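Sharing the record's features from Swiss-Prot:
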{"type": "SIGNAL", "residues": "1-26", "note": "signal peptide"}
{"type": "CARBOHYD", "residues": "Asn69", "note": "N-linked glycosylation site"}
{"type": "DOMAIN", "residues": "84-399", "note": "domain 'Peptidase A1'"}
{"type": "ACT_SITE", "residues": "Asp102", "note": "active site"}
{"type": "DISULFID", "residues": "Cys115-Cys122", "note": "disulfide bond"}
{"type": "CARBOHYD", "residues": "Asn139", "note": "N-linked glycosylation site"}
{"type": "DISULFID", "residues": "Cys278-Cys282", "note": "disulfide bond"}
{"type": "ACT_SITE", "residues": "Asp287", "note": "active site"}
{"type": "CARBOHYD", "residues": "Asn320", "note": "N-linked glycosylation site"}
{"type": "DISULFID", "residues": "Cys321-Cys358", "note": "disulfide bond"}
Amino acid sequence: MGGRRMPLWALLLLWTSCSFSLPTDTASFGRILLKKMPSVREILEERGVDMTRISAEWGEFIKKSSFTNVTSPVVLTNYLDTQYYGEIGIGTPSQTFKVIFDTGSANLWVPSTKCGPLYTACEIHNLYDSSESSSYMENGTEFTIHYGSGKVKGFLSQDVVTVGGIIVTQTFGEVTELPLIPFMLAKFDGVLGMGFPAQAVDGVIPVFDHILSQRVLKEEVFSVYYSRESHLLGGEVVLGGSDPQHYQGNFHYVSISKAGSWQITMKGVSVGPATLLCEEGCMAVVDTGTSYISGPTSSLQLIMQALGVKEKRANNYVVNCSQVPTLPDISFYLGGRTYTLSNMDYVQKNPFRNDDLCILALQGLDIPPPTGPVWVLGATFIRKFYTEFDRHNNRIGFALAR
């Protein structure tokens with residue numbers, strides 16, 4: 001018998017049935033491009049604001065804060081120096097927001113159209129409008145998140161959230177009280193916490209945990225790349241893997257030392273050939289929401305003494321830019337390996353300053369026990385070392401960034 005062509009409708013039916021019987025290996029990646037912005041500190045200095053007072057207030061806040069209240073954790077980041085943000089969508093149809101992807105916290109929040117008239121910082125940001133979303137679900141629970149620069153307050157709501165092309169139903173914060181500093185001048189609207197559930201305020205399940213529960217990712221990891229070149233792509237967050245275009249060699253992993261936090265043990269800090277600190281071990285948090293590297297004030301003083309740096313401006317150590325080429329390397333010992341920053345890695349020039357001073361991206365930060373003392377490895381470190389956060393194996397991987 002001669003072969004008969006199968007009708008188009010039958011082909012479509014066969015294709016549909018086959019497509020639904022494929023193996024469940026449909027895991028993928030989510031990719032969020034990041035933009036680099038001037039920090040709030042840079043903008044304030046450009047406008048002639050005295051940063052000494054603001055930095056002093058931040059220091060007093062840390063001294064007075066209680067770090068033992070697990071139901072309302074204090075986030076160490078103050079966002080004065082944060083420079084990288086990416087876009088997400090909330091609602092149906094999607095409302096777009098610029099957010100910081102912050103491993104130091106675990107909640108998602110954005111400003112609300114219900115923000116009070118006294119909080120003028122809300123006026124310059126994209127505001128979430130629940131009345132414009134057909135997928136909005138009321139919650140109403142009040143929440144407060146304490147940051148280094150103050151606190152944000154509001155209430156919880158539920159809606160669909162789109163991150164890197166992945167859609168989840170998410171409880172998030174609608175902020176109705178937003179501090180003037182830093183948010184009045186911030187280029188970002190809100191914060192998407194990439195921390196653990198234990199870090200979340202009010203027991204809210206974090207966005208990344210909801211994504212993990214859908215089993216759509218190739219691996220239970222996310223990775224962060226921060227560009228060193230301001231005129232290029234600001235950076236990238238990859239959900240479910242890493243991007244070999246932005247790193248070279250292999251990852252080397254360090255196990256998390258504290259459950260429920262992106263905290264690891266650091267076994268030494270060196271200036272040039274001399275190991276000065278942490279030989280017996282120090283706690284260090286890898287924080288994508290922080291710009292600088294920070295550590296106990298006494299430790300930073302030792303480092304600056306070894307560098308020959310004495311001058312401070314508004315809690316920042318500064319040197320004449322002509323001295324930068326003479327500054328030695330600073331190395332951090334993590335997981336049996338040495339991670340070295342050259343002077344070009346840890347010194348930066350504020351484009352808005354008209355003097356010859358360069359800023360060292362190293363700050364003193366005294367966190368009282370039991371949370372501290374702790375070091376914070378922020379964007380200054382991540383720019384040099386592409387970083388992968390592995391939830392499945394509770395570890396952090398570092399590779400040399402391209």
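Placement of Cβ uses the backbone N, Cα and C atoms for every residue, glycine included.
Burial and contacts for the listed features, if you can.
Just so you know, the Cβ of Asp102 (active site) picks up 22 other Cβ atoms within 10 Å once every protein chain is counted.
Counted within 10 Å of its Cβ, the other Cβ atoms near Cys115 (disulfide bond) come to 21, all protein chains included.
For Asn139 (N-linked glycosylation site), the number of other Cβ atoms no farther than 10 Å from its own Cβ, over all displayed protein chains, is 17.
DSSP classifies Cys282 (disulfide bond) as strand under the three-state reduction. For Cys282 (disulfide bond), the count of additional Cβ atoms within 10 Å of its Cβ stands at 21 [all protein chains shown].
Asp287 (active site) falls outside any helix or strand according to DSSP and counts as coil.
Remark: Asn320 (N-linked glycosylation site) has Asp356, Leu357, Cys358 as non-local neighbours, by Cβ distance under 8 Å and separation of at least 6 in sequence.
Secondary structure from DSSP puts Cys321 (disulfide bond) in a helix. Around Cys321 (disulfide bond), the C-beta neighbours below 8 angstroms that are at least 6 residues distant in the chain are Lys349, Asp356, Leu357, Cys358.
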Using a 10 Å cut-off between Cα atoms, which of these recorded positions sit near Asp102 (active site): Cys115, Asn139, Cys278, Cys282, Asp287?
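Checking each Cα against Asp102 (active site), the hits are Asp287.
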For Cys122 (disulfide bond), which residues in the same chain are close in space, meaning a Cβ under 8 Å from its Cβ, but six or more apart along the sequence?
Pro111, Ser112, Cys115, Gly116, Val175, Leu178
Taking the Cβ of Cys358 (disulfide bond) as centre, how many other Cβ atoms lie within 10 Å?
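Other Cβ atoms found within 10 Å: 22.
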On the 0 to 100 scale, where does the mean pLDDT of the domain 'Peptidase A1' (84-399) fall?
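Across the residues of the domain 'Peptidase A1' (84-399) the model's pLDDT averages 93 on the 0 to 100 scale.
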